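To start, the structure under review is shown below, and the notes come after it.
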Amino acid sequence: MIMSKAMDMKGLFHTLKPFLAVLFLQFGLAGMDILCKVALNKGMSSYVFIVYRHAVATIVIVPFAIVLDKKTRPKMTLPIFVKLMVLSLLEPVIDQNLYFLGLKHTTATFAAAMCNILPAITFVMAWIMRLEKIKVKSVRSQAKVLGTLATVAGAMTMTLIKGPALELFWTGGGGTASSNIPNGSSHGGISLKNSIKGSLMITVGCFSWACFMVLQAITLETYPSELSLTAWVCFLGTAEGAVVALVMERGNVAVWSIRWDTNLLAAVYSGIMCSGVAYYIQGVVMKDRGPVFVTAFSPLGMVIVAVLSTFILAERLFLGRVIGAVVIVAGLYLVVWGKSKDYASSSSLLDKQKALPTNLDDPGGNGKENSSHEIIKISTCNDKGTPETNGK
């Protein structure tokens, strides 16, 4: 009886483990958005922040990559190194610089909500590159198209429509304006100009992120060592980001100074949690449940950021932006639902391939296997990266 209960508890924990891991991940990423917004409001350079963040991530990840990937790491070649260079340019440099610049011009909640357009951008890119097929008469294909249009409509609503402020009971009617919010914004209220500027930066950043994920999936086919790939991307991203920071902040040596304050905490936290732990968690969960499962939880991060930002940053929520966020989430789930069958079909095909006999050259059935006829299918269609380096 006791053994049976223990087995049941073990089975329950095994079932809940992916859910708990993704929940932990979303809380961790939400914490990064809040800390980074505080650091940026205090005047920290976003260019320098990205350099410090990836320097911390490199220091943390490299030892694990050296030890754990020692036997599985393939030999480095010029084509692979070029891909790693492009990967480090797309995500650590282009995407994150644009994301944090957009965050600087908007609010933490706004930036977190806008990032939910990523699956739609990835879907459009995959369709253009013929990695994604659309069947006009298929309900799921229609859902993917409708969901993509909904995320675009939601993003435009958030950008262009502000609406009345929502008074939340825990904010006591709004409180006092925060002096740290730039450009005369009050309680997270952002002007139309900053809203458009910030949303464009975040959207282009998401496009770069989508490019990164597609190329990452392709690179993993020839360099299937997730930790080593992550270490290389962080290291090269640190070097490339330093060049960008030196150019953008030339003559301003003071921006490189860092003290024992929120700026240091934000850099260390983001490097360890969002460029280290997040990569590992996403990789493990995606191997078990697939990218659709991870993507489906991304709106939770937006809700966490929205609630925490009203406490910590004294941000106010506005009706137009809440409606836009809801439309984006609805569109996201339409895309996820539409793609869920794709991954189910892919898994079914892989199971069938594994069940096929490998002794194709042995019609006599003498039991000898011929590994040259093994079929391996690697999908490059990805909703959120594999192993996801989503963690902003």
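Cβ atoms are placed via backbone N, Cα and C, with glycine included.
Quick caveat, the model's predicted, so the values are computed rather than measured.
Over in TrEMBL, the protein carries these features:
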type: COMPBIAS; residues: 379-392; note: compositional bias 'Polar residues'
type: DOMAIN; residues: 20-155; note: domain 'EamA'
type: DOMAIN; residues: 197-336; note: domain 'EamA'
type: REGION; residues: 355-392; note: region 'Disordered'
type: TRANSMEM; residues: 46-68; note: transmembrane segment
type: TRANSMEM; residues: 80-102; note: transmembrane segment
type: TRANSMEM; residues: 108-131; note: transmembrane segment
type: TRANSMEM; residues: 143-161; note: transmembrane segment
type: TRANSMEM; residues: 200-220; note: transmembrane segment
type: TRANSMEM; residues: 227-248; note: transmembrane segment
type: TRANSMEM; residues: 260-281; note: transmembrane segment
type: TRANSMEM; residues: 293-312; note: transmembrane segment
type: TRANSMEM; residues: 318-337; note: transmembrane segment
Test of understanding: applying the rule of at least three C-beta pairs under 8 Å (pairs 6 or more apart in sequence), is the transmembrane segment (227-248) touching the transmembrane segment (46-68)?
yes
Who are the chain neighbours of the transmembrane segment (227-248) in space, where the CB to CB distance is under 8 Å and they lie at least 6 residues beyond its ends?
45, 47-48, 50-51, 54-55, 57-58, 61-62, 64-65, 68-69, 73, 84-85, 87-89, 91-93, 97, 216, 219-220, 275, 279-280, 387, 389
Kindly report the helix/strand/coil residue split of the domain 'EamA' (20-155) according to DSSP, in that order.
111 helix, 0 strand, 25 coil
Quick one: DSSP breakdown of the domain 'EamA' (197-336) into helix, strand and coil?
119 helix, 2 strand, 19 coil
Across the domain 'EamA' (20-155), what does the pLDDT come to on average, as a whole number?
87
